[in-house]
Amino acid sequence: MELQLTGKESGWWIVSHENKLWLPKGELPQGNAANWSLQGTTARQIGEWQGQSVWLIRQMMPSGMGSVRQLLDVDRGLFQLAGRGVQLAEFYRSHRFCGYCGHEMHASRTEWASLCNHCRERYYPQIAPCVIVAIRRGDEILLAQHVRHRGGINTVLAGFVEVGETLEQAVSREVLEESNIHIKNLRYVTSQPWPFPHSLMMAFMADYDSGELCHDPKELLNAGWYRYDQLPLLPPPGTVARRLIEDTVVLCREHSDLSQ
């Protein structure tokens, strides 16, 4: 439920507009609303963090707007809450009017949804399921540089789940399309909400089965097998890609030790 702030409310403040996040001094604001001159604005509680309320305010600030990526190395829980806030703010901004009848909508008081009083249509935030997989071949891991990545970062393969696919089918298809190889021993590891803009990353590990590596130039700048102790520039800590790589490195090292 939304409320107008008096200035006495306290907690963490997620102020977001158009996928941007207010980060004065490079940090998420914390404390009383009055300390950040937020009194008089409309806010909605979207969770709790370390025993304090987390508030969402949907508006643009004159300065200090940044990316939720800046919170990646702060704390996973806080990053996820901030990501939720950014996604909700964008959802409500883009769902002011009903896509069926064109009438103005309002936010539900009981769930994350926008409601139309005219035709009774109900809209929920969009979530795009993605698969991401680390592939091992002996003491090597398959890493690639994606065309959309900057700074020379090499990472594992990933892609969106298509309509009618299982997660397992999506992994096998993406790997074959991007690298021309087949995999085996696919196993689920973990998941991570990824608000860029609204993905849910489902992480897997797999072993190489067959095929000659040949990367898809439309998706990848390059791809190669890297020995576990000779890795290129990797994704930052806090990302599910980095965890997959680190977990696979452990298996590569064990394989190398057994081979000696």
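Indices start at 1 and increase along the chain as displayed.
Placed from the backbone N, Cα and C atoms, the Cβ positions cover glycine too.
Features as listed in Swiss-Prot:
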- K25, R69, E111, Y124, Q192, P193, W194, P195, F196, P197, H198, S199, A241: substrate binding site (BINDING)
- C98, C101, C116, C119: Zn(2+) binding site (BINDING)
- 125-248: domain 'Nudix hydrolase' (DOMAIN)
- A158, E178, E219: divalent metal cation 1 binding site (BINDING)
- 159-180: motif 'Nudix box' (MOTIF)
- E174: divalent metal cation 2 binding site (BINDING)
- E174, E178, E219: divalent metal cation 3 binding site (BINDING)
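Positions of Swiss-Prot features highlighted on the structure.
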| residue | record | Cβ neighbours (10 Å) |
| --- | --- | --- |
| C101 | Zn(2+) binding site | 12 |
| E111 | substrate binding site | 9 |
| C119 | Zn(2+) binding site | 11 |
| A158 | divalent metal cation 1 binding site | 25 |
| E178 | divalent metal cation 1 binding site | 21 |
| Q192 | substrate binding site | 20 |
| W194 | substrate binding site | 19 |
| H198 | substrate binding site | 17 |
| E219 | divalent metal cation 1 binding site | 18 |
| A241 | substrate binding site | 25 |
* Structure fact -> Of the binding-site residues K25, E111, A241, the one whose Cα sits nearest to the Cα of E178 (divalent metal cation 1 binding site) is A241
* Structure fact -> F196 (substrate binding site) falls, by three-state DSSP, under coil
* To do: Name the one residue among C98, C119, A158 whose Cα is closest in three-dimensional space to that of F196 (substrate binding site); these are the binding-site residues.
  => A158
* Summarise the model confidence on the domain 'Nudix hydrolase' (125-248) as a single mean pLDDT, whole number. => 96
* Structure fact -> Check: min Cα-Cα distance from C119 (Zn(2+) binding site) over binding-site residues K25, E174, E219 goes to E174
* To do: Would you list the other residues of this chain near divalent metal cation 1 - those whose C-beta lies within 8 angstroms of the C-beta centroid of A158, E178, E219 - in sequence order?
  => A144, H146, L157, G159, E174, E177, S179, D216, L220
* Asked: When you put H198 (substrate binding site) at the centre and draw a 10 Å sphere around its Cα, which of the binding-site residues C98, C101, C116, A158, E219 have their Cα inside it?
  -> none
* Cβ neighbour count (within 10 Å, all chains shown) around E174 (divalent metal cation 2 binding site) -> 23
* Structure fact -> One of the binding-site residues C116, A158, E219 has its Cα closest to the Cα of Q192 (substrate binding site), namely A158
* Where does A241 (substrate binding site) sit in DSSP terms: helix, strand, or coil? -> helix
